[in-house]
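See below for the structure under consideration.
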Amino acid sequence: MDQSKRYVNLALSEADLIKGGRHVLCAYRMRPRPGHGYVETAAHFAAESSTGTNVEVCTTDDFTRGVDALVYEVDEAEGLMKIAYPVDLFDRNIIDGKAMIASFLTLTVGNNQGMSDVENAKMEDFYVPPEFLKLFDGPACNISHMWKVLGRPEVNGGMVVGTIIKPKLGLRPKPFADACHQFWLGGDFIKNDEPQGNQVFAPLKETMRLVADAMRRAQDETGVPKLLSANITADDPAEMIARGNFILETFGENASHVAFLVDGFVAGPTAVTTCRRNFPDTFLHYHRAGHGAITSRQSKRGYTVLVHMKMARLLGASGIHTGTMGYGKMEGAPDEKMVAYMLERQIAEGPYYRQDWGGMASCTPIISGGMSALRLPGFFDNLGHSNVIQTSGGGAFGHKDGAIAGALSLRQAHEAWLKKIDLVDYAQTHAELRGAFESFASDADRLYPGWRDRLRIAA
């Protein structure tokens, strides 16, 4: 059934839709299946995403038609389709009238992903109007909270030097806590890897008691505050709350030094919101494990990394993993700095829409995935600043002289970048950074040709 007369209005102006403030706008790359027209398929997509189905129904009235999603722009040659969704379509909480990402996802990338006339469709960007944006929680705290705990300036406080305890699974409570203590003697921040929780060989309560003690000892030995991101992800919100309360009680006077990690992609908006609303004073660390199945450049369905990041900020993530923009081991490219800017800035340009965040707090980029001291300067050059949380697993524990030296090498690489000193030159007077060149020699050969001669290290 051709629904284009009802669900397509190419006379609508995007500027007028934005000025009106009553529509969420979404841009998709869409390809119809062979034998189906582009505009007709786009119309069916909009219908399925809002008020329609595959047939006309007798219960439709004029009010219903007034909240139709409308295709307002198509470019068949580019495979581009833009749809305007009236804000009244989206579900609101009965307890406080707030908007929810679950409803946004259900409409914009729900049933339309499985339609028989759609070969593939992927959301590339979306725009939220000002009044509707106010209905989302947004972040309660961000990296400035960590800088304050660390005793740094709350503006431009610089990189938080972090790690992920490796191996990601298989450590019992004491070896895990010992590894934390070692890294904290040189670094700032430790996160649970996303699978770490309450395994039978590492019960959460026993582990957290030992880690809390390790933090106290490291702070006493260094005179510097330390930070931990503890995984509270669970299927049951009550379990998440129980874990969170136990961890805060266990860390006691250092409770403000704790962040909560939530596997936001696999556990979903409910888990993120559970943390955001029950622990508003705690940094909400959104881990995105699994997202690549949807957001990868290889995937032609679902949504992009940028869309995922924007949803995380709306949900209230304090920080989210953004990848390494091609400088680490994960898929990415330098132009993905747009993703970080969308999280950090009050006004940011996406590929299709400029988003004004209306004063909503920023969300912090968390950098991880194959990063070592040698890769940091190029990453910072591309991003243009170093106000990120950086977590290196192998980049710290893979250092030839151990975790303390690994942490110090990361800190020294950051110092060199801030001072605009060549990394090889800085390594000549900083033993831990020099050790990073020896530890990650293949990176050094690729990024710093001639480093062996300059550091007088034999091949």
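Cβ atoms are placed via backbone N, Cα and C, with glycine included.
Copied over from Swiss-Prot, here are the features:
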ACT_SITE  K166  active site, proton acceptor
ACT_SITE  H287  active site, proton acceptor
BINDING   N111, K168, R288, H321, S368  substrate binding site
BINDING   K191, D193, E194  Mg(2+) binding site
MOD_RES   K191  N6-carboxylysine
SITE      K329  site 'Transition state stabilizer'
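Structure coloured by features recorded in Swiss-Prot.
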residue: N111; record: substrate binding site; DSSP class: helix
residue: K166; record: active site, proton acceptor; DSSP class: coil
residue: K191; record: Mg(2+) binding site; DSSP class: strand
residue: H287; record: active site, proton acceptor; DSSP class: strand
residue: H321; record: substrate binding site; DSSP class: strand
residue: S368; record: substrate binding site; DSSP class: strand
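Cβ packing within 10 Å was compared across the recorded positions K166, K168, H287, R288, H321, and the lowest neighbour count falls to K168. When the CA atoms are compared, the recorded positions lying within 10 A of K166 (active site, proton acceptor) are D193, out of the candidates D193, E194, H287.
Here the binding-site residues are N111, S368, and the one whose Cβ sees the fewest other Cβ atoms within 10 Å is N111. Checked against H287 (active site, proton acceptor) by C-alpha proximity, the binding-site residues N111, E194, S368 yield E194 as the nearest. Cβ neighbour count for K191 (Mg(2+) binding site) (all protein chains, 10 Å cutoff from its Cβ): 25. Apart from K191, D193, E194, the residues listed for Mg(2+), the same chain places the Cβ atoms of I164, K168, N192, P195, Q196, S229, N231, L261, H287 within 8 Å of the centroid of those Cβ atoms. A sphere of 10 angstroms centred on the C-beta of D193 (Mg(2+) binding site) encloses 19 other C-beta atoms. For E194 (Mg(2+) binding site), other Cβ atoms within 10 Å of its Cβ number 20.
If you compare every pair of Cα atoms in N111, K168, R288, H321, S368, the residues listed for substrate, the longest distance is 36 angstrom.
On a Cα basis, E194 (Mg(2+) binding site) lies 12 Å away from S368 (substrate binding site). Using E194 (Mg(2+) binding site) as the reference Cα, a 10 A cut-off selects K168, R288 from the binding-site residues K168, R288, H321.
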